[in-house]
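Working notes, structure below.
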């Protein structure tokens, strides 16, 4: 018996050789077609792993220091409480100023209403702004309780005014619009 010609062992090297050639052809073809994409993907994955591992170690280190240091936790809580107290004091001061302004505005409004009522009782204009104009001019009349009659004025429009007919005078009169396109061009 020969060692190299046994019936079960003779086919094995040929099958391994065919498998090796098949694998080499398949991998070689994939690398020749997609080699640059594979290389670029590996580089991107490498940098992502580096970035994520750095972030992960930083996060783990920060959680260790915050959890293990109770004095720091107490100091932070006290600082937060002090900041809240300071903001609350400021808010209370602003609310107090707002209330004072509202009271002043209400008092001013009440005073104006009283002045308007008094002026209406005297027969004067109810407008407060008119009072400033009247106070600026010296009063010649001794009887201020009797209002002066208004002078006769002509009507603003004629009694037969109709804007559709254009008979009211003036330079502008209504005219119906033209039919057709508003801008030039052929309508062909």
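Glycine too: its Cβ is placed from the backbone N, Cα and C atoms.
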Between 8-28, 29-49, I'd like to know which one Swiss-Prot lists as transmembrane segment.
29-49
Counting by DSSP, what is the helix, strand and coil composition of the compositional bias 'Basic and acidic residues' (116-125)?
7 helix, 0 strand, 3 coil
